[in-house]
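Down below is the structure, laid out as structure tokens.
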């Protein structure tokens, strides 16, 4: 068939074969690029400007003066973050709280994931379902549930007072302890699921071999099970640690006024002080710290995909 | 020795699941409490449900949330499905590392950062091109679509990775066009994953407080924003009632969805076994 006698449909088909691949890649690529990557560049830009009473509340970075463009970079926001110890405290607190919560979540989640992976067929899917279900239920409501339990007039205090174990109510809500409970509680499914998927794929005969060769059960666990489940441990820990560093809802609802965390600081700078440049600088500083764990997480994800294919 | 170990595992499971479920059960039980105090049981009552349904602000916020949820879950499916397909079937291409980064990073990015950065994008775009004019339901929908698309991509990708590629290859050998292969073969096979991805996006959108708070405008209060402002003051029986309704709806949805997924999988297995025989 001569090429100048193509019908519209044939032309469309040819065009699709030539450009379809680009289109399928391009549309999600463009969306994520515009609404996920570009915003970070704007945050970076605004972190270098000065807050002012205007709409929007910051000075422009680029200005047209006499047909030339001048760029005013202002490092004041970052110097301010360094000079006020409030921010450093909030940072270190967030990292410490996130790290401790991650370890507690791992200690609770590992035996659970192991137990589920070793359960019999139908029981296993039921248990897995029970882990996934809370993950689908509202995060906000799961945090809220602990207010009623940990409060001064909450259920634990009511129960302990009733049994006579204590005579004065314990202060549990509005403490760092409550924040740990909240993070461990809401993020536990994120830890169990990746752990389960590595433990479930593991070859049980390796442990049997180790036991046959004279390993004690704990040695077999440390030398065989633990190293083989390392990808799951890392993926689960990063899935808990990274979002926990920037957590806002949990410290706000369960923590006290002294529980400084960086997510809360950013929120207050933005909503209470309406200082967008400082909030941006806080976000950039948090990202600089998180970029390594995030890239590590992506690396683990990619490796896992390659193994599956 | 084995017995000791399984006792340990069973008690870990029992304590773990008690930890996961007791708080939720308490919320459900106390939503039927007559009295206003959490700790004192004053008799069975459904009056908090009645007062919840008479709370116009709450109902409006719930409508907003449902509309945003349906819109962003559908858009996220439309964007996340090709993204998952690209990740598992398209092999190497220029910019693949960045693409996979933009899919993995939204899953763990702290919400305050995502929220702030999207707000600043919207403000900048409005200054530069006049769109989006102001903030409201549409900006929240765009924000939710973006992070939900990443979840859908991961779900679709893991489904495709576990799937036999030979049927698609056979169709290609027989001369079918890529688009036809996708709609006739791949799409029906990943339908359960698409259902799961849509539901996941819908619940994630329905639940999001932080990102929505940043990109919301006047008159676009969502349900979590409403809940958050009343929960800040402490426990409220009305919120207990709302929580119970949400938990019940989600649980029913999940049970139905997993039933459908299981059934479709069983049918596929039966078909596969039939063709083998």
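Cβ coordinates come from backbone N, Cα and C, glycine included.
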Q: Give the range, chosen from A:177-199, A:246-268, that TrEMBL lists as transmembrane segment.
A: A:177-199
**Q.** Within-chain partners of the transmembrane segment (A:177-199) [C-beta distance under 8 Å, separation at least 6 from its ends]
**A.** 97-98, 100-101, 104-106, 108-110, 112-114, 116-117, 128, 131-132, 134-135, 139, 142-143, 146, 150, 225, 228-233, 235-237, 239-240, 243-244, 247, 250-251, 253-255, 259, 261
Q | Long-range neighbours of the transmembrane segment (A:276-297), counting only residues six or more past its ends (CB under 8 A) | A | 40, 43-44, 46-51, 56-58, 74, 77-78, 80-81, 87, 91, 95, 234-235, 238-239, 241-242, 245-246, 262, 265-266, 269-270
Q) Where else in the chain does the transmembrane segment (A:94-114) make close Cβ contacts, counting only residues six or more beyond its ends and a cut-off under 8 Å? A) 131, 176, 179-180, 183-184, 187-188, 191-193, 195-196, 199, 225, 232-233, 236-237, 240-241, 244-247, 251, 261-263, 289
(Q) Using Cβ atoms and a strict cutoff of less than 8 Å, what residues sit near the transmembrane segment (A:21-44) while being 6 or more residues removed from its termini? (A) 280, 283-284, 287
